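S.K.: Feature table excerpt (TrEMBL):
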type	residues	note
ACT_SITE	E301	active site, charge relay system
ACT_SITE	D305	active site, charge relay system
ACT_SITE	S495	active site, charge relay system
BINDING	D536, I537, G555, D557	Ca(2+) binding site
DOMAIN	225-576	domain 'Peptidase S53'
SIGNAL	1-20	signal peptide
Amino acid sequence: MTRLAFTLILLALLAGIALAAPQPIPPLPPSTPAPTDVPGVPDFTKFVPGPKLDSIPPNYVDLGVAPRSTVVSVTIGLKLSNFDNFLAQLSDISDFQSLNYGKHLSAEALAVLEPPKQQIDLALTWLKTFSIDATYSRGYLTFNVTVDVMTKLFQAEYHVYRSAITNQEIIRTLSYNVVSVLADLFEVVLPGIDFDDIDHHPKTSPAPGLQALHKRQAPPSCNSQVTPSCLQDLYGIPKDPARQPQNTLSVPGFLNEYANSQDLNFFLSNTRPNLIPRPSFSTKFIDGGKNPQEPNTAGVEANLDTQYTVGLVNGGHVEFYSSALNSLQGFINMANSWLAMDSPPSVVSISYGFDEKQVSPATARNLCNQFAQLGARGVSVIVASGDGGVGGGRPKDTCPQFVPTFPASCPYVTAVGATVGMTETGADLSSGGFSNYFPRPTYQNAAVTGYLGRLGSMYQGRYNTNGRAFPDVAAQGVNIAIAHKGQAISVDGTSASAPIFASVVALINDRLLAKGRKPLGFLNPFIYQKQGIFNDISTGSNPSCGTKGFPATQGYDCVTGLGTPNFGRFAAAVGV
Ligand SMILES: *[C@@H]1O[C@H](CO)[C@@H](O)[C@H](O)[C@H]1NC(C)=O
């Protein structure tokens, strides 16, 4: 069938005209398939099996069939076109030695990655048959439907499952089917088989002798307690005001974590009293996100992330971006919203994550591909590596295989581990290791082969020697002072390390933009080329899984990556 005829049939369907339109159909010989099997006529009645799980993942309890009237937000990720060409271009523009370094791509330039329009239209036509008006944007279809409709769309049985670890209830299925004519187009269906309730809550303590905020003066060093001023001294972070108001650092918030302005005010008045006018953050919402300001709604993670970014970027623009979709789907929708912007933030700091195995490889790849696109747009995506050492997001007693975390394991993010002390040592909690989903990217070949050599046969068989190694870098992550619900408390976690590192990147960008240059964008090829810009951390380890964990060593290691930031050397390396 010609393309024109195909389009006409689609239009007819869109207009709600029955397929049995009075088109003269030539008589068919007996062996010819029935009309619905004629190539090009969409047959939405045939299904092929999609991905499936053999059993309910550990730590989840099946609470039975989901109520059919419950509304779920659906995201369907479509297979992108020309992606390999794009990745080659990304590595070229991220290579500091290339003439094309920093030549970031526009939103329009990335449109070549979108699936063929015909296929998108076919998917929209299928959804129309269920009276669904889906939104299409950059390779994703999104819509809200009842569980009842979802059951029919994917011939699947959706259940409610509760995580025994986080207590979150999620609606998922163990398998689903996809309409045959769309099977090649649909890469991921969410909610589907990903049992991916978000992990990562920084550990809090009532801060014994929390001098900093009570005595109204920051401690002179990071030894007893970390504050923005001790980080400025430790890493050489400048104190002079940021000058580029359009330079945005975006801080996502999930899990009903809300960033409180009063807590921020209290924090700044004690830790950065000279920062006048006293800066704050702007807010942005997606998928039902919000940011209520009643003091008891404040969240530790949201307060930590906003206090350390606002406290370090010296009046630069920090944005708190809240989503109520507490799963990888929430990350995907958020990333897609950044990609749709003409001027996306130049840095994103994510302190939420998953054990990699909680997420299916297809879904992990789908989000990772968005991070690659963000890198190409000039966005540095900074991610906490997790707080469970070699055990993943949280420490574990028994794990024959070490547990990598995601999105830290995505090769297109910069994963940040944690250190402790003035003479910095790798922090026990600092997650690190090797991905089981993503192969080792070229940019870290030399660094990681060196580390594998130093490991020798240690833990052989417990990690994937060919996987993407993480973290890439590190920053302080223990005894971090924050203000929370009007009190000074202390928190531990790579949840702190990520916003600290992200702030350093935002300040380098401030200088680049002041000189009319481009922001750093996808960082990793550059930082592995310029290892000397970091303070190499060679002591400490990340115990879990009944082991001492990986050792920090001279050079790259899976506890502290390349090391912690040295602002002066970083700035000199980019020439600002
Ligand atoms: C689905 O509903 C949520 C609120 O419950 C809303 O934020 C979101 O934008 C809706 N999604 C679509 C695609 O309409």
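Placed from the backbone N, Cα and C atoms, the Cβ positions cover glycine too.
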S.K.: Could you round the CA separation between G555 (Ca(2+) binding site) and S495 (active site, charge relay system) to a whole angstrom and send it over?
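M.R.: Approximately 24 Å lies between the Cα of G555 (Ca(2+) binding site) and that of S495 (active site, charge relay system).
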S.K.: Please give me the CB contact count at 10 A for I537 (Ca(2+) binding site), counting all chains in the structure.
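M.R.: A count of 26.
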S.K.: Between the recorded positions E301, D305, D536, where is the Cβ count within 10 Å the lowest?
M.R.: D536
S.K.: If you average per-residue pLDDT over the domain 'Peptidase S53' (225-576), what number do you get?
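M.R.: Within the domain 'Peptidase S53' (225-576), the model's average pLDDT equals 96.
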S.K.: Cβ within 8 Å of the Ca(2+) site centroid (D536, I537, G555, D557 excluded): which residues?
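M.R.: Along the chain, the qualifying residues are S538, A552, T553, Q554, Y556, T560, G561, L562, G563.
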S.K.: Tell me, in order along the sequence, which recorded positions from S495, I537, D557 have their CA within 10 Å of E301 (active site, charge relay system).
M.R.: S495
S.K.: To which of the recorded positions S495, G555 does the lowest count of other Cβ atoms within 10 Å belong?
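M.R.: Each of the recorded positions S495, G555 was scored by Cβ atoms within 10 Å; lowest is G555.
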S.K.: State the three-class DSSP label for D536 (Ca(2+) binding site), counting H, G and I as helix, E and B as strand, and everything else as coil.
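M.R.: In the DSSP reduction, D536 (Ca(2+) binding site) maps to coil.
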